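Q: Copied straight from TrEMBL:
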- 95-152: domain 'CTLH' (DOMAIN)
- 259-292: repeat 'WD' (REPEAT)
- 304-345: repeat 'WD' (REPEAT)
- 492-515: repeat 'WD' (REPEAT)
- 516-551: repeat 'WD' (REPEAT)
Amino acid sequence: MGGVEDEEPALKRMKLSSKGLVALSNGSSSKEPVGGLSRDFMARPLPSKGDEQVVGSKGVIKKEEFVRIIAKALYSLGYGKSGAHLEEESGIPLHSPAVNIFMQQILDGNWDDSVATLRKIALADESMFRSASFLILEQKFFELLNGENVMEALKTLRTEIAPICINSSRIRELSSCIVSPSPRVARVRSRSKLLEELQKLLPPTVMIPEKRLEHLVEQALILQREACPFHNSLDKEMSLYSDHHCGKDQIPSSTLQILEGHDDEVWFVQFSHNGKYLASASNDRTAIIWEVGVNGGLTVKHRLTGHQKPVSSVSWSPNDQELLTCGVEEAIRRWDVSTGKCIQIYEKAGTGLVSCTWFPCGKYILCGLSDKSICMWDLDGKEVESWKGQKTLKISDLEIMDNGEEILSICKPNAVLLFNRETNNERFIEEYQQITAFSLSKDNKFLLVNLFNQEIHLWNIEGDPRLVGKYKGHRRARFIIRSCFGGLTQAFIASGSEDSQVYIWRRSSGELIEALPGHSGSVNCVSWNPANPHMLASASDDRTIRIWGLNCLHNNYQNVPSNGIHHHCNGET
């Protein structure tokens, strides 16, 4: 649950013309003179042509900075003539004469002169000068060593690098290169790469960072995207030609299909990780695997029978090739998605299984038991490990982090336990109301907690858990109602409700965006397709599953084969 960077010119090795960097074949340097240089090497304010010092209607963009950044972008894109023309016409050079000489000296390998010029640039920070000098002299050291000039390399290390007195561990690594060269120690870089490294050290006023203009434009697009309350379209659809704004038409708010394959209340739905399947669990003691067609329509792939009690939840394997189904305090069954056959039954004498999930590696499963313990099994049904005590409740969700270490479960009516199985460290999310369900975000950084008092809370679980968001408006009085993250970058929160509607909020602001009518019974669970931000599924006590999508897509679903499916539009038959 970013913009595309511009391609760099094909030739990475660079040399300086009188106005900036131009392409140069790898391993060589240009002797072309750098024109337009004065004898004044000291860094000073760059000249500005004309009286206008700012551009733009807000008066916050400095003209000199603006022109220099544009010139830098032109050179980076390979438009050297245009960059040089901009410098000449504006009277604003990209770099000062001293910086131009310094860059040319680096590309030519004039190490001692480049260090002297660096000093004349008059950097305000002495530590910055020493760090930059260290990089330059390290380059000199490696090029001497590569040229088998070992004695000169040793002399450079002893008399030039060591006296700088920074990074003593790196000096020891360089010394070891003379005695016994090691591949673990970074070797010589290209001189253009050295310039890029130096650029990161020096103030941006001296050397403008690479791709600065692209970075500023990307920031502007990201800010517009984050400010858009309905953003749910791919970033590649954003344009520089106009300000970005999405309408509600990007939110799945139209019923595209109604799936009627179950004979009783549908309690749980979950899309597969790849978005190609939807699994549903029902009070009719069956689960169904639905396949998402090429055109987005869903059809029954397999009806899974064998449970002796209602099926409360399902869990997809990491590779989506297998599915777990959990009966209410009964057994867990593992199914082959391609064939629909039951591969394994997991049960424990004297206790019922109440929840299940997969280990990230796909080699083990976790189960919550009615005796409040958590059990870990291999795929063949052998118990590998178990954790006793108050680890889970009879009615509980169960998750494990992607690193396979931290297990999440409802351990008390008002608390979620985050238990590290490697260190036995325990963290808790404690609420003031009873917890009915929770959902883990795709990046494992947030937990969505459903409460008895008709609120949904968003917790940041990095480090010490902290409450960062609340969502209100849905109804919950008697049943377990589940919610989920969804949409592009999981920017939305969706939830079922006992008033027969599906609720959608903007995750960042908590603003209620939609309340979708259509079901005729309590909506127990929702699932947003992780591969399609415009597809949402909801499961209801009315024995149906609704597939929600964009209004503009409704007509595309009128001729999908039924296969246990009835087609309706926004709740109407």
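Even glycines carry a Cβ here, placed using N, Cα and C.
Thinking about packing and proximity, how do these listed features fit into the structure?
A: Across the domain 'CTLH' (95-152), the DSSP tally of helix, strand and coil residues reads 46 helix, 0 strand, 12 coil.
Listed by sequence, the residues of this chain that lie at least six past the ends of the repeat 'WD' (259-292) yet keep a Cβ under 8 A from its Cβ atoms are 298-305, 307-316, 318, 320, 323, 325-327, 335, 337, 340, 480, 482, 521, 524-532, 535, 537-541, 543-547, 564-566.
Residues of the same chain lying 6 or more positions beyond the ends of the repeat 'WD' (304-345) and with a Cβ under 8 Å from any Cβ of it are 264, 267-268, 270, 272-274, 276-277, 279-289, 352-358, 360-362, 365, 367, 370, 379-381, 394, 397.
Away from its own ends, the repeat 'WD' (492-515) comes close to residues 226, 229-230, 232, 248, 251, 253, 448, 450, 456, 458, 469-479, 481-486, 521-526, 528, 536, 538-540, 542, 546, 548 of its chain (Cβ-Cβ under 8 Å, at least six residues beyond either end).
With a cut-off of 8 Å between Cβ atoms, the residues of this chain six or more beyond the repeat 'WD' (516-551) that come close are 1, 232-233, 249-271, 273-276, 278, 280, 282, 290, 292, 296, 298, 442, 479-488, 492, 494-504, 557, 568, 570-571.
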